[in-house]
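Pasting a structure below so you can have a look.
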Amino acid sequence: MLQNVTPHKLPGEGNAGLLGLGPEAAAPGKRIRKPSLLYEGFESPTMASVPALQLAPANPPPPEVSNPKKPGRVTNQLQYLHKVVMKALWKHQFAWPFRQPVDAVKLGLPDYHKIIKQPMDMGTIKRRLENNYYWAASECMQDFNTMFTNCYIYNKPTDDIVLMAQTLEKIFLQKVASMPQEEQELVVTIPKNSHKKGAKLAALQGSITSAHQVPAVSSVSHTALYTPPPEIPTTVLNIPHPSVISSPLLKSLHSAGPPLLAVSAAPPAQPLAKKKGVKRKADTTTPTPTAILAPGSPASPPGSLEPKAARLPPMRRESGRPIKPPRKDLPDSQQQHQSSKKGKLSEQLKHCNGILKELLSKKHAAYAWPFYKPVDASALGLHDYHDIIKHPMDLSTVKRKMENRDYRDAQEFAADVRLMFSNCYKYNPPDHDVVAMARKLQDVFEFRYAKMPDEPLEPGPLPVSTALPPGLTKSSSESSSEESSSESSSEEEEEEEEDEDEEESESSDSEEERAHRLAELQEQLRAVHEQLAALSQGPISKPKRKREKKEKKKKRKAEKHRGRIGIDEDDKGPRAPRPPQPKKSKKAGGGGSNATTLSHPGFGTSGGSSNKLPKKSQKTAPPVLPTGYDSEEEEESRPMSYDEKRQLSLDINKLPGEKLGRVVHIIQAREPSLRDSNPEEIEIDFETLKPSTLRELERYVLSCLRKKPRKPYTIRKPVGKTKEELALEKKRELEKRLQDVSGQLNSTKKPPKKASEKTESSAQQVAVSRLSASSSSSDSSSSSSSSSSSDTSDSDSG
């Protein structure tokens, strides 16, 4: 048909056909096609250009995205396909070939439209969803299936595009499996400014259709401006002849954009159409189809999503804030209770609340949406879900518990979130997409949870809890192999005790809540006891012992120094009120050394024999020492320090198997709470045992290990510290102190100051007795040194 055009007809009738002014404009065979919109001066055809224009191939018109004659709806399934399925597919790395219609001319596929009779792409489906083109979700799903089928039909199975389509189709089917089962039409809520919104919506729909249609027609890449008569009148609202569009586009494309679009969108709403006309200019002036579609597709969703956000707030806000409205309807008592609980939100729980808000935010919605709501096993056809998953968990439940202040600490919050992820890993196969989504979301959670701030210490109201964790943390810092587990146990114990105190203070809680909390606390205590038992039974490394020895040595030196200072103060005390004492000693004429020694114990008595000295010194020594105990009952009830408990635990572990039965018997006899426990599997927590029980255990263990019982006022020397180095150090220290004391005595031996000599010698003897007593549990070398030092002190004073 194109060959019938003769040269003498071209100057007149060619222009007429081109401008749509002659009768040939409507004839399809006489239409002259334009290869590109970028060439200027196309209106003056020549003989050379006519055959090139006539032989250029053409793309068929793209599928319609809006049809006023065909009614559309907004349903829950269509909204799910738009917000979830389309969003996930559109952002996928393999989605780029499917975002716009196949350009057979640009890609050099002349047979594409002969094989594929019904082209489809995701850009068309997306615009149809935005324009409410579909009546039911099945129509949209059919379009998706058509798009994938076209790809499989035209391409070879080994092509990359086929693999990309298969990946997208797999994601599509997985998303559709989570779609609501029953399709329900959503009521479109009209906002307050309904007139403006209605006009804006109508103008928006008109401008969107023209925006997508005009660039689609004008952007058939480098081929021809094909304007089909039945298509344009339905989309461009008030233009009767398609040739009117083509003529200004051909004459001046850059200047014709805004007037054309303003005219086309004028009947629905002129002001908005003008605004859209500005955007249309940017669309039509872009040279390539990809450049046209790329601004077109992001530019249209903001306009189309804006009214949808106003019309359909439940789906937009459902995942973010589902609980806030019911909280306003709570009774006053519950509101007061919640407000009181709100005040007790700790820093760590505030951090957890921020993590929860981030998990529910739009930033992570692409892979977090399966975890927003509880798994509806019946709707999804997962009949074995609740048989496999015994404790379901989801983010809405976590949010509800957080708002109701059901979490007492960050560990409970983290346990629920991790339970949700572990349920997903447990039920789904490892290669499932929802598992990958869970792992991605868990990475976000763990990264934020690792930045948990430390809880500030509260020294005032909890003396027990503040005393215990340092001990536990001390043990964890000393042990190199079991550091992390002991730290976690100490934190859990501290939180448990804080929780117990909170339970006592919150008298308004119901009995059911108390029972529930007590049960949870008992479970946590049981877990902590298991950890402590495992820690106490674990091997202790040698560096730990060395560190302990150094610490013990420092403590012992400090204690001895304090004892010496106390004795010196006691010596200084009696000196002041006795100035006339030297006169009495002069009158007595007892200037010998024996009199000084004998008069020392009684502080002023002149009689007595030397064999009474040990008894008197024993009687007078306890009042000088501040840490002594008067009776055995006080000794039994004296609380154990952390080091003593730890040493007792080590000693019990050293006992042979046949001796452990007696240990269990002692504990069960003295601890009512452990009487009903199984003797074979009893767990000993030294922090909960009475001091009397611990002392009885200590006596029994020492008797089994054949150790000497410690005196009440001495610092307990741990087992395994009888090395020669320590003995030599002690010996040197004792000798040095004795030399100091004897030197002081020798320098102050003058007749008028016998009373001061007596007090100095008494201080010396008390110090010697104290030092020898403190080293009584040491080896023979240290005991012999202490006895020899006491002999030398006696000889010096004699």
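Every residue, even glycine, has its Cβ placed from backbone N, Cα and C.
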Swiss-Prot has Y154, N155, K156, D159, D160 binding protein. Which one of D111, D121, D143 is in the same site?
D111
From the list S304, S599, S742, pick out the residue that Swiss-Prot labels phosphoserine.
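Annotated as phosphoserine in Swiss-Prot: S304.
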Select, from S247, S297, the one residue given the annotation phosphoserine by Swiss-Prot.
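Cross-referencing S247, S297 with Swiss-Prot, phosphoserine lands on S297.
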Of S44, S300, which does Swiss-Prot mark as phosphoserine?
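The phosphoserine feature in Swiss-Prot corresponds to S300.
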State the residue range annotated as region 'Disordered' by Swiss-Prot; the candidates are 1-21, 22-42, 211-231.
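Going through 1-21, 22-42, 211-231 one by one, Swiss-Prot flags 1-21 as region 'Disordered'.
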Quick one: give me the count of other CB atoms within 10 A of the CB of D111 (protein binding site).
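There are 9 such Cβ atoms around D111 (protein binding site).
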Tell me which residues of the chain lie with their Cβ under 8 angstroms from that of N155 (protein binding site), as long as they are six or more apart in sequence?
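Those within reach of N155 (protein binding site), by Cβ under 8 Å and sequence separation of 6 or more, are I161, V162.
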Here are some binding-site residues: D159, D160. Which one has the most Cβ atoms within 10 Å of its Cβ?
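Selected residue: D159.
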For K156 (protein binding site), what residues in its own chain, 6 or more apart in sequence, show a Cβ-Cβ distance under 8 Å?
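Spatial neighbours, sequence-distant, of K156 (protein binding site): V162.
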Below 8 Å Cβ to Cβ and six or more residues apart, same chain only. Which residues does that give for Y154 (protein binding site)?
L109, Y112, I115, I116
Taking DSSP states H, G and I as helix and E and B as strand, how many residues of the domain 'Bromo 2' (343-452) are helix, strand and coil?
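Result for the domain 'Bromo 2' (343-452), in helix, strand, coil order: 75 helix, 0 strand, 35 coil.
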Using DSSP, break the domain 'Bromo 1' (73-179) down into helix, strand and coil residues and give each count.
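Tallying H, G and I as helix, E and B as strand, the rest coil: 71 helix, 1 strand, 35 coil.
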Looking only at D111, Y154, N155, K156, D159, D160, the residues listed as binding protein, what is the longest Cα to Cα distance in Å?
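Greatest Cα separation within the listed binding residues comes to 20 Å.
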